[in-house]
Amino acid sequence: MSSNGSEHETNNSSTNSTGSSIVSWTTIDVEQWLYSLNLSNFVGKFCKENGVDGLTLLLMKENDLKQAPLAIERLVDIKKLWYHIRLLQCQENDFYSPLNISSSSSYLTNENDEQISMLLSSKQQCSNDNTQKHNHSSLSPTHLLESNIHNMYSSCQINSQQKPLFGMPTGEKRKLLVSFIYALISGIWTSFIMVVVHNRVPNVQKYPPLPDLFLDNIPHIAWAFTVSEYIIIMMSFTFLLILIFHKYWNIILRRFFTLGGTIFFLRSITMLVTSLSVPGHHLECTPLQYGTSFEILSRCLQIFLFQGLSIQGVRSCGDYMFSGHTVVLTLLNHCITEYTTSDFYAVHLASWFFNIFGMILILAAHEHYTIDVFIAFFLTSRLFLYYHSLANNAVLHSRTDNRLSIWFPMFSYFEKNIQCMVPNVLRVPWPLKVFHIHDEIYDEKQKEFPLKCDNKQCNIHKEKRKNE
């Protein structure tokens, strides 16, 4: 143990003695670095024969040590040299930052692409974050969009000493308020349209239910729709718990309001322009004539306050294209699976199960046509994926490219400071910090509780705080 400690000490002292970054090292600095590691027998191959400098060390791979012109033969020497080279590469995270890579990298040759891939993998390995805790589940919607090029612009660092690619930008609370107002207006408008379409619902005797392959072969189950609404309530509480314990809850909630408001605004248009006949004879749907504006407003507020739930006594007709219940189920499912780590795999499976099972219950209750449920699921899931794909791509946030602000002004306003995937970092909410002060590490600089760490990490943080 003492020999390892001294080895690290000599390594750090040699690095600091140069007084400059590793990128600017000369062959003399590399020679001093090898002497400090008791690897002086490689000075000839590295410095005198091949002129290896700091930039070369940062671009090296393990195979470079095995192949000509270095061609080191002993395995122990290869591993020892590669270990210390990797330590140097981990100290230079700025060198591997995607912001330092030219935008023309997509036109590089295969050899250069392999080199960039190596640089990015070095950056990811050197991250001080616990990626096992910050990662996204394989069941999350945006996991389908991940690739090497996508991750090149979406990986984030939270606790690194360098300036993070992802932080908590200013103005997020104001954006959250704007998104809430947007969702509020959209909800009230949709409730008003539901009152309008109820007045225009076709008479079931004159316009019988349309042929539907699923509804025609599945018997009506009276209690199914009620169960689907209880599933919505259960998933809503799950999503609320995630917001309570997630570090970036305001970003998640803002996106929920934005997506929900947009989808329901589209729903208000589709159910207004086309009035479908009721999907079943069991539905008692007759046009309601509201004589005064006060009656219309009262009915609108009733639908909005109780969110159109039949278990709250809300009975609406004519709002079939497309299913609002399916929209809420799908949006909650995608948020739950996207903003929790892979450690919650059982929760993700349950979320997807209840999403699909709830859609089947809606059809079993004959409250919507099959096309209503299918379009609701497809539109909600695609909009969620497209929104997050744009938000996670830092290239689209370039200040020199204003196409995003022209075509999607609201999205550009909400996401202009978010240039990567939101890390799934859990925190202890402030009422519980008093009870968990000994189990969590409190970072006075960031004013937050990071994830629980082991004793070794706790001791490291304690030593840092003492030195500060």
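Cβ coordinates are placed from backbone N, Cα and C, and glycine is handled just like the others.
Taken from TrEMBL, the feature compositional bias 'Basic and acidic residues' applies to 1-10.
Residues annotated as region 'Disordered' in TrEMBL: 1-20.
What TrEMBL lists as compositional bias 'Low complexity' is 11-20.
When the domain 'SAM' (25-91) is classified with DSSP, helix, strand and coil residues number 48 helix, 0 strand, 19 coil. Look at TrEMBL and you will find 25-91 tagged as domain 'SAM'.
The transmembrane segment feature in TrEMBL is assigned to 176-201 (among others). Residues 250, 253-255, 257-258, 260-262, 264-265, 267-268, 271-272, 275, 278, 285-290, 296, 299-301, 303-304, 308, 316-319, 324, 410, 413-414 of the same chain sit 6 or more residues outside the transmembrane segment (176-201) yet have a Cβ under 8 Å from a Cβ within it.
Under the heading transmembrane segment, TrEMBL lists 221-244 (among others). Taking Cβ pairs closer than 8 Å, the transmembrane segment (221-244) reaches residues 252-253, 256, 282, 309-311, 325, 328-329, 332-333, 335-336, 339-340, 347, 351, 354-355, 357-358, 361-362, 364-365, 367, 429 in its own chain, all 6 or more past its ends.
With a threshold of 8 Å between CB atoms, the same-chain residues lying at least 6 positions outside the transmembrane segment (256-278) that come near it are 176, 179-180, 182-183, 185-187, 189-190, 193-194, 196-197, 200-202, 204, 207-210, 239, 285, 317-322, 324, 327-328, 331, 335, 369, 376, 379-380, 383-384, 387, 410-411, 414. Annotation source TrEMBL lists transmembrane segment at 256-278 (among others).
Feature annotation from TrEMBL assigns transmembrane segment to 344-364 (among others).
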Legend entry - pLDDT averaged over every residue in the domain 'SAM' (25-91): 88
